Amino acid sequence: MQIGLVAQSPLDQFEIVPLIPMNIGNFYFSFTNSSLFMLLTLSFFLLLIHFITKKGGGNLVPNAWQSLVELLYDFVLNLVKEQIGGLSGNVKQMFFPCILVTFLFLLFCNLQGMIPYSFTVTSHFLITLALSFSIFIGITIVGFQRHGLHFFSFLLPAGVPLPLAPFLVLLELISYCFRALSLGIRLFANMMAGHSLVKILSGFAWTMLCMNEIFYFIGALGPLFIVLALTGLELGVAILQAYVFTILICIYLNDAINLH
């Protein structure tokens, strides 16, 4: 009876649990639940593409799954064409696969986290930060490859008085570095906050429903409807955050290419 009264923390759902611990010398590696669900996301994506294209490029009349993949493909392709300027269509195609894979990975990870008893990979700051910094380093390399040392002019707006130049360069450099940080924090914070809120309200509604009194049962209907509404909202947030992450990548890449 006492065990049933112990309240679980809404943050327990974000705990990384080692499934297969491994020790290599002084280094500790482990296959965790986070690794498992990232692998499941990748497997689902590869299987989906395989079943759609196994007959040699898809059906002439697309089925529902093929239509979904084509819709996502065209959506990201149009996003790249609209947000990245100053390049020919063939050059833009070089960046398209990376942006498409990033969008689909985040989309599937976010939606997978909505399944009960699953794990939300993007709710961990280190994972989103590693993703944002790795992409941002790649964007910076593209900027140096295209402009060389002239890429540093990105840090100094035109027409700035010389006495203010050192301060503005420092501020622009900090602002530039914080782009990668904010990119990871935005995704992590939205996914973690939304899932925690759904967990808190669903736990409250379940506790009210488990009580025998009719007053508590009626009182649980309000939180229950709120949970259902928040679940729908969280689905929208999962899709929106993948879109926001992707469009910001395109904007930052456009800035690096065109020195905006």
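Just so it is clear, glycine is given a Cβ too, placed from its N, Cα and C backbone atoms.
Lifted from Swiss-Prot, the feature list:
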- 29-49: transmembrane segment (TRANSMEM)
- 95-115: transmembrane segment (TRANSMEM)
- 124-144: transmembrane segment (TRANSMEM)
- 151-171: transmembrane segment (TRANSMEM)
- 191-211: transmembrane segment (TRANSMEM)
- 213-233: transmembrane segment (TRANSMEM)
- 237-257: transmembrane segment (TRANSMEM)
Practice prompt. Mind checking which residues of the chain, 6+ beyond the ends of the transmembrane segment (95-115), have their Cβ under 8 Å from one of its Cβ atoms?
Written response: 37-38, 40-42, 44-45, 72-73, 76-77, 79-80, 84, 121-123, 131, 135, 138, 142, 187, 191, 195, 231, 234-235, 237-239, 241-243, 245-246, 249-250, 253
Worksheet item: Between the transmembrane segment (124-144) and the transmembrane segment (237-257), are there three or more C-beta pairs closer than 8 Å, counting only pairs 6 or more apart along the chain?
Response: yes
Practice prompt. Quick one: find which recorded stretch in 29-49, 191-211, 237-257 has the most Cβ pairs under 8 Å with the transmembrane segment (151-171).
Written response: 237-257
